[in-house]
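Visitor: TrEMBL lists Gly11, Met12, Ser13, Gly14, Ala15, Gly16, Lys17, Thr18 with the feature ATP binding site. Annotation source TrEMBL lists domain 'RapZ-like N-terminal' at 4-155. Look at TrEMBL and you will find 163-279 tagged as domain 'RapZ C-terminal'.
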Amino acid sequence: MDKIEIVIVTGMSGAGKTTAMAAFENMAYCCIDNYPIALLGVFSEFLKDNTNYQRIAMAVSLADAPKAIRFLNNVDWLNVSVVFLDCDDNIILKRYKETRRTHPILISNKASTLVEAIEYERKLARPISKEANMVIDTTHLKGNKFQQLLENQFNHQSIDPFRISFVSFGYKHGIPKDADLLFDVRFLPNPFYIEELRNLTGNDKEVYDYVIDKPETQVFIQKMTNLLDYLLEEYDKEGKTHVVIGIGCTGGQHRSVSLTNYFADHYSQKYHVHRLHRDAVH
């Protein structure tokens, strides 16, 4: 029998599990929230005998995640992926204050303040994030781009063993924390200072051509391609399943977007690639 795909969604409370589960629901996954860990044996046997459920997303708390991951990974007919959601502590604080929801660690009386609750979860999170197939930092991600990232990764029938995400960003908005590799392209000529290009982005042909055709860019592309050709092959051999490559300029509109598009197009000929323009206006 074909293996049933299960995606375990876990991470810091306030990092976006609800948004993630909405994205999986839109992709026609069967979505389960806070299923009792003690009943996973019954659940896995049910799946074995029921062909109606081939793709399942399961939201699991950090406290329950280790047991859930360990148990489900030992079930022969399941193909398990783990998505870990992270977020800056200050943003989590802000989100809880805005929504006026109570942090689950406070509900369980394992902390007396919101700050203590976040610190408690952070300790639980470290070993789990290392086991995850995909780590997403939602600090600077708007809801639609967050969902787009998940759809690019999981809206398919089979899991590709090796995936690459190219992410453009602006340094003034902060670096993507989930990036494995970061490239700073602020040294390249900036279209921002050309009036007719200022309000466009690297998704527009005029800006793309301006950036890519510069001699400095051509030299950079050659050197970065040589490096990535080597690194990606080694990552794939080593068994890494997902590589996030961040390309940053000042505002995340022109140079980083152009080069992200270039490299995403180039490497999509060999690998499963998706791109995300985190800060671009269009």
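Backbone N, Cα and C define each Cβ position, glycine as well.
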Visitor: Within 10 Å of the Cβ of Thr18 (ATP binding site), how many other Cβ atoms can be counted across all chains shown?
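Guide: Summing over all protein chains shown, Thr18 (ATP binding site) has 11 other Cβ atoms within 10 Å.
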Visitor: Helix, strand or coil by DSSP: which one applies to Gly11 (ATP binding site)?
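Guide: Its secondary structure by DSSP: strand.
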Visitor: Between the binding-site residues Met12, Ala15, where is the Cβ count within 10 Å the lowest?
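Guide: Selected from the binding-site residues Met12, Ala15 on minimum Cβ neighbours within 10 Å: Met12.
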Visitor: Tell me the Cβ contacts of Gly16 (ATP binding site) under 8 Å, same chain only and six or more apart in sequence, or just say none.
Guide: Leu85, Cys87, Ile136, Thr138, Leu141, Phe146
Visitor: Hey, of the binding-site residues listed (Gly11, Ser13, Gly14, Lys17), which one tops the CB count within 10 A?
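Guide: Result of the Cβ crowding comparison: Gly11.
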Visitor: For Gly16 (ATP binding site), which of the three DSSP-derived states applies: helix, strand, or coil?
Guide: coil
